Structure formats: structure tokens, C-alpha cells
Amino acid sequence: GPVGTGDSKCPLMVKVLDAVRGSPAVDVSVHVFKKAADETWEPFASGKTSKTGELHGLTTSEKFVEGVYKVELDTKSYWKALGISPFHEYAEVVFTANDSGHRSYTIAALLSPFSYSTTAVVSNPQE
């Protein structure tokens with residue numbers, strides 16, 4: 001397809017912003033876990049945010065099946081690298097995915113040293 005449409009098939013994207021500096025949060029470690037039948041968290045995917053604060057290509061629609069997922073952001077390391085002592089060890093988002101058919105999920109996080117907020121954008125996948 002045309003340039004720029006490659007991400008439409010990417011069912012899970014993470015975007016992280018630095019609310020203090022008004023910039024993308026670069027090189028934030030992201031770990032995704034999936035809840036197993038015995039209620040434990042199994043590692044599912046991981047990566048680091050890019051220069052735009054985004055992380056694409058974590059999984060595929062085939063692997064991203066219905067279930068409960070946890071997205072964990074290593075915010076403490078991010079702030080410490082900037083010489084700031086943050087309050088939280090990490091930021092996490094736990095959610096149920098694909099329970100009514102396949103969707104595309106963007107998990108956005110806005111970080112401050114003592115606060116964070118997250119927003120989920122859920123859309124039907126592009127054909």
C-alpha cells in the first residue's frame with residue numbers, strides 16, 4: 001500500500017509523552033504481559049520507544065488474541081536518566097483486548113515525575 005499505511009496492521013501501539021519537557025519520551029522500556037490461565041503474568045512482548053516516543057511492531061493480529069494484557073512502562077529509569085527522582089517505580093495499563101473481535105489499540109501515556117495518565121484509543125482494524 002501507500003507509504004505510511006504500514007501501521008494499520010499493527011494491533012498494539014504505545015506512545016509516551018514527557019509532560020515536563022513537552023516532548024516525546026524517548027528510549028522508555030516497554031514490557032507487555034499476558035495473563036495466563038493460572039492468573040500469572042507471562043511475558044508477551046517488549047521494546048523501547050523511538051525518537052517520536054512511539055513503539056510499533058510489538059505483535060501481530062495473529063498473536064494478539066483475546067485476553068487480559070498489561071503494558072508496563074519503565075518510567076523510573078527514564079526520569080533517573082534525566083537526573084530526576086520520580087515517585088512511581090513504573091506506569092502500567094491493564095486491559096482486556098479483542099473480546100468482541102479484533103481491534104487496534106493505541107496506549108498513550110503522559111508522564112510527570114509524580115503523576116502519570118494514560119488514554120486508550122481503540123479502533124476497528126483497517127482492512
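Don't overthink the numbers, they just go from 1 along the chain as shown.
The backbone N, Cα and C atoms fix where each Cβ goes, glycine too.
The sulfocysteine annotation in Swiss-Prot covers Cys10. The 10 Å shell around the Cβ of Cys10 (sulfocysteine) contains 19 further Cβ atoms across the protein chains shown.
All protein chains considered, the CB of Glu54 (L-thyroxine binding site) has 17 other CB atoms within 10 Å. The L-thyroxine binding site feature in Swiss-Prot is assigned to Lys15, Glu54, Ser117; the stated evidence is similarity to another entry.
Residues or ranges marked as 4-carboxyglutamate by Swiss-Prot on the basis of similarity to another entry: Glu42. Annotation for Glu42 (4-carboxyglutamate): spatial neighbours Phe33, Lys34, Lys35, Ala36, criterion Cβ-Cβ under 8 Å with sequence separation of six or more.
Sequence annotations record features per position, and here Swiss-Prot assigns N-linked glycosylation site to Asn98. When secondary structure is read from DSSP and collapsed to three states, Asn98 (N-linked glycosylation site) falls in the coil class. Around the Cβ of Asn98 (N-linked glycosylation site), a 10 Å sphere holds 15 further Cβ atoms from the protein chains shown.
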Quiz item: Among the binding-site residues Lys15, Ser117, which residue has the largest number of other Cβ atoms within 10 Å of its own Cβ?
Solution: Lys15
